[in-house]
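> Checked TrEMBL, it gives:
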TRANSMEM  B:12-30  transmembrane segment
TRANSMEM  B:60-79  transmembrane segment
TRANSMEM  B:85-104  transmembrane segment
TRANSMEM  B:125-146  transmembrane segment
TRANSMEM  B:152-179  transmembrane segment
TRANSMEM  B:191-215  transmembrane segment
TRANSMEM  B:227-247  transmembrane segment
TRANSMEM  B:259-283  transmembrane segment
TRANSMEM  B:303-328  transmembrane segment
Amino acid sequence: MMDTLILSRIQFAANISFHILFPTITIALGWFLLFFKLRFQWTGDFKWMEAYRFWVKVFALSFAMGVVSGITMSFQFGTNWPGFMETVGNIAGPLLAYEVMTAFFLEAVFIGIMLFGFSRVPGWLHTLATFLVAFGTTLSTFWIIVLNSWMHTPQGFEMIDGAAHATDWWAIVFNPSMPYRLGHMLLASGLTVAFLIAGVSAFRWLRGDRKESVRASMRAGLGFAALLIPLQIFAGDVHGLNTLEHQPQKVAAMEANWSDTNGHTPLVLFALPDENARENRFEIAIPSLASLILTHHADGAIPALDEFVAEDGTVLHPPVDKVFWSFRIMVGTGMAMLLVSWASVVLMMRRAPDGRRFHIDRLPRPLLFALVPMAFSGWVATLAGWYTTEIGRQPWLVQGVLDVSSAVADVPAPMVLSTLLGYLALYAALLFAYVSVIVYLAVKARHDAPLTSLTPASGAAMVDAIAREDRGLQPAE
Amino acid sequence: MDLLGYQPDIWLPFVFASLMGVSILLYVILDGYDLGVGILTPLARSEAERDMMVASIGPFWDANETWLVLAIGLLLVAFPTAHGMILSTLYLPVFFLLLGLILRGVSFEFRVKARARYKRLWDRLFFAGSLMATFSQGFMLGLYVMGLEMNAVTLLFAVVCALSLTMGYAFIGATWLILKGETDLQRRAVAWAKECIWGLVVGIGAISLATPLVSPRIWERWFEFPTFIWLSPLPILSLALLALLWRSLAHLPAQGDRWAWAPFTAALGLFVLAFLGLGYSFYPYVVPERLTIWEAASAPESLIIILVGACFVVPSILGYTALAYWVFRGKAQGLRYD
């Protein structure tokens, strides 16, 4: 029988994993929408407005999913982890409060105008609303990453009677891992959306939708993907070096390096780490590469897991297999992203028979087929990355300050288990519905006539039509 | 940083308790009307009418719910011990509240984006989610009033509160529809308001009677002379508002849509008065009879940081919220992206 601690951990992991899927989309999709809107205003080309109208639906859906799954998070601290706020509430509290005050209201209010206000407000106000929603989601990312990073690399506080008290807010906000984590996450969001747009557009293209807006979205998606992925690989590398400095036990687990401290540490490509024997089974490794990547010298020493076992045998490093594999899934997905996006861009750069470049037609069908499953590759990489860093923080909740087991609520295990099962069932159903609706919107969009004007049916006409329908009359022509 | 001669560790918790109170009140009123509209949706006579009901709350619900996040956030950051104590006691009702909020929040989107044949399903989930969220809130309110004790009597009282709050939200939802709806919808909303108002009366009455009976401290706070005199405007104003509501509902809808705003405004007043009464009863406790706001408060240096931010940010939140209500003023229109 599992105990309250592990069940509460799984429950929090389930909630936050489900939640992060949607902000990962909305953070960058907001900026993509602003891009589409501005392109439309500058060029007057309706394909950009068409792209905006399609993707704003996906945005609205993702935003709603993000909001409601986020409300759950604000309750979880109290229901399952009261020790967290009791110990570090003086630090976490103001950061969360600033997130709610500066970001949540901004996005929640302006999304109404952004979605439903197009014909009610002047164009500039609608564009401003789109900007403020994108800005709000990004600001919210900033605050939550500040708090999360502080939990990994805490500073700027002192402990008085078992509770952390802030001494230097500047040091708390700009804690050592914050800039790396923030950059890494924002780029992850950008890549997730770039591949979502490219993948859905490839899907529409393969189903015979030849609209200009599909071409334009596809080019934008692939272009940003190809641009962002090298930046992300660089950001990941510097973030890893930062982790090496501040949380060496996490890096040791990522590399599954049990005992090697003499330099020339091999890069383990495949292994089944064995926690009991404290060694890897079925290991396939490249000599010296881990040392080279992490220290940029072939003979550089990297931390080993055995260094993080206390005298009495207490293990002070995270579970190795989970961190090791999450990290490999993230890196593997990133490599696939690099391959697919660069191949696509190179193939598109070939000159078409009519002399133009950047034609979707130049992309071979197998590549288009490969792009479709890549639509959700960003989710895989983002989740795997978060698992690496969060499981990698175990057994700490706040590195060196608070361990997970002393923060958990004393709720009976069956209660945690039953609510956990409830959440899982709901999340599975909603995830299925979400992906189905995106597929359905993509299929349905094919039958929409290309957009040629901005004048919608007037509100009065709509009300009239509804009123007539209400009285059982045929809609007026 | 003394204020009116009080030390920061005295006045800061008070200020934060007030801020939290205002957030809860705003949440109850704002999400109250949109949850209420959700509860009323099965009564719509046609799909178009249901669409119009949803359209009347579409641009607002998201921001309305953010007040809950702020309220819970303030409880979390200003009174962390109380947050843990209250929420781990109310573990199951909180779970159902969240389930309900999730279901109704996503149904807003799914009902118009999924295949047409699933629209009815999402409409039902929208109703079920609204009902579940409201019922849980009422249930939690009931248990809170009963001092977070669990036994047959307190659970029964919690169920009464849950039913009353459901009727109360449906009532304020109906008054919102009187304000935003036209023709048949508006007429039906008047009838719904007349039916639901009793739930609100029973609810406010039950809580007003129960709170002083549960706690001798609250009894003294209310019925001691001369405080009794100072407090008498609360019940008297409530009765006056009820009378006004009853009269205006009898005469609505009126020519030229006059007085359509009256029921919603009066309902708003009733919620405010009821909330003030509740606040007065429980002050200075944040966990009834167990933990005062001063015992539960975070460190002053952290609260100051939040307060400074709030002084700048909250006025702008109110400003752009007003902008949104201005943009979507007048009668509800179909929700469209173009």
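Indices start at 1 and increase along the chain as displayed.
Placement of Cβ uses the backbone N, Cα and C atoms for every residue, glycine included.
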> Find the member of B:125-146, B:152-179, B:191-215, B:303-328 that has more C-beta pairs under 8 Å to the transmembrane segment (B:60-79) than any other listed stretch.
B:303-328
> Where else in the chain does the transmembrane segment (B:303-328) make close Cβ contacts, counting only residues six or more beyond its ends and a cut-off under 8 Å?
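Distal contacts: 1, 8, 12-13, 15-16, 19, 59-60, 63, 77-78, 297.
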> Kindly say whether the transmembrane segment (B:191-215) and the transmembrane segment (B:125-146) touch, using the definition of 3 or more Cβ pairs under 8 Å where each pair is 6 or more positions apart.
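Contact criterion met.
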> Six or more residues beyond either end and a Cβ under 8 Å away: which residues meet both conditions relative to the transmembrane segment (B:259-283)?
17, 21, 24-25, 28-29, 32-33, 145, 168, 171-172, 174-176, 178-179, 186, 190, 193, 200, 204, 207-208, 211-212, 218, 221-222, 231, 234, 237-238, 241-242, 244-245, 248-249, 251-253, 293
